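What follows is one structure encoded as structure tokens, with my remarks underneath.
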Amino acid sequence: MSKTLPKDFIFGGATAAYQAEGATHADGKGPVAWDKYLEDNYWYTAEPASDFYHQYPVDLKLAEEFGVNGIRISIAWSRIFPKGYGAVNPKGLAFYHNLFAECHKRHVEPFVTLHHFDTPEALHSNGDFLNRENIEHFVNYAEFCFKEFPEVNYWTTFNEIGPIGDGQYLVGKFPPGIQYDLAKVFQSHHNMMVAHSKAVKLFKDGGYSGEIGVVHALPTKYPYDPNNPADIRAAELEDIIHNKFILDATYLGKYSEKTMEGVNHILAVNGGQLDLREEDFAALEAAKDLNDFLGINYYMSDWMRAFDGETEITHNAKGEKGSSKYQIKGVGRREAPVNVPKTDWDWIIYPQGLYDQIMRVKQDYPNYKKIYITENGLGYKDEFVNHTVYDDARIDYVKKHLEVLSDAIADGANVKGYFIWSLMDVFSWSNGYEKRYGLFYVDFDTQERYPKKSAYWYKKLAETQIID
């Protein structure tokens, strides 16, 4: 028998400003660190991306036609404040007002993120969120947006605080490209969570209408050998780096003893210290019960083995299967069981991990209120044939994840919506234009859109709520 989803469920599609808009310098937009970083380090740039800056009416019309009733959109901070603070760019304001109006015209509810990996260059180059001044700049920007855009009903402070710390200071695939600095990873996580908490408190104190939450990437971590205490420990430490530290800050308003024990162990082995202040914890504590929802981005799980050597991480950027490597001194190394499928980019396909992660949030953080799956999808080297893509692998991936999501709801989790990554093809931060995720194929030369087989499947799903 087919599984089902609730009648009031959001069947959404996700986007992000820098990955979709293009127009990186148009109409007064300020630079972001990615502009130069992609030029210097990768084989592509954010021009033209999906030209969403001009094509959004087309994309929203397609969304409406294919039953997509929610869209994740992020505001490019540097389109509003080109330097991150100070002078406002009126053309940026006009763009987002027009975009949100089009969403409502098409009956597609916008879920709007304030920061999706794109701190304005002026602030990124002075330390990004490692510089505490930028916490205040972010909160001021957030307050400006809450006032300016009353037409938005769902706000998200940050997209993926974890992968920002990881990408910028551990793997080094995001600007400024620093590697293996675990203290910076945790400090970035912490400072961004303080910024999140201050913005949420301000939103609630200001009496703004609508809801506010945060989007966390939560890849589930398992021990390679569940009977080996050393593997169990490796999975726990890896979970602290990517998930638990951030979830504790979100919903406990502090870091549990067990979390701090793990953090202190990791820093004792790898060096570095954290600056955690009393007033930070006051901010976290004040916001811990104010989050209206948690967005979970879930693509994959990892298995961890105990490991004694030095840290070495190789990022698989070009989809050459088996080329990635991940091992951290004092933590462990990733090694998946042979029978678990992987994508060409070595992303492990394991739907059960989504169920386990949802139930973990429900159990460990009972003040979570409700969950949206804010990103989930399959990156693929799509083959464009007869004006479409026969993306059965993508349909299978999404179907299996929706089935476990249905199980989680049946088992008492409050999950209210799902946003496929991505609505239309966009460029991937560290993989470029070859790795496609969309329901709609984008010809990046002509900017024409073509519905894939998955779009027709998703339309039927949205109409019936039956996962077939």
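Including glycine, each Cβ sits where the backbone N, Cα and C put it.
Using a 10 Å Cβ-Cβ cutoff, Asn159 (D-galactose 6-phosphate binding site) registers 25 neighbours. Per Swiss-Prot, the feature D-galactose 6-phosphate binding site maps to Gln19, His116, Asn159, Glu160, Asn297, Ser428, Trp429, Lys435, Tyr437.
What Swiss-Prot lists as active site, proton donor is Glu160. In the three-state DSSP classification, Glu160 (active site, proton donor) falls within coil.
Taking the Cβ of Glu375 (active site, nucleophile) as reference, residues of its chain lying under 8 Å away and at least six apart in sequence are, in sequence order, Ala14, Arg72, Val215, Ala217, Gly295, Asn297, Tyr298, Tyr299, Phe419, Trp421. In the three-state DSSP reading, Glu375 (active site, nucleophile) counts as strand. Annotation comment: Swiss-Prot describes Glu375 as active site, nucleophile, evidence class sequence analysis.
Cβ neighbour count within 10 Å across all protein chains ranks Tyr437 highest among the binding-site residues Trp429, Tyr437. Residues Gln19, His116, Asn159, Glu160, Asn297, Ser428, Trp429, Lys435, Tyr437 are listed as the D-galactose 6-phosphate binders, and the farthest two of them sit 20 Å apart at their Cα atoms.
A separation of roughly 15 Å, to the nearest angstrom, links the Cα atoms of Gln19 (D-galactose 6-phosphate binding site) and Glu160 (active site, proton donor). Counting only the Cα atoms, the space from Tyr437 (D-galactose 6-phosphate binding site) to Glu160 (active site, proton donor) is about 18 angstrom. Using a 10 Å radius centred on the Cβ of Asn297 (D-galactose 6-phosphate binding site) and all shown protein chains, the other Cβ atoms total 23.
Note: Glu160 (active site, proton donor) has non-local neighbours His116, Phe117, Val215, His216, Ala217, Asn297, i.e. same-chain residues 6+ apart with C-beta under 8 A of its own C-beta.
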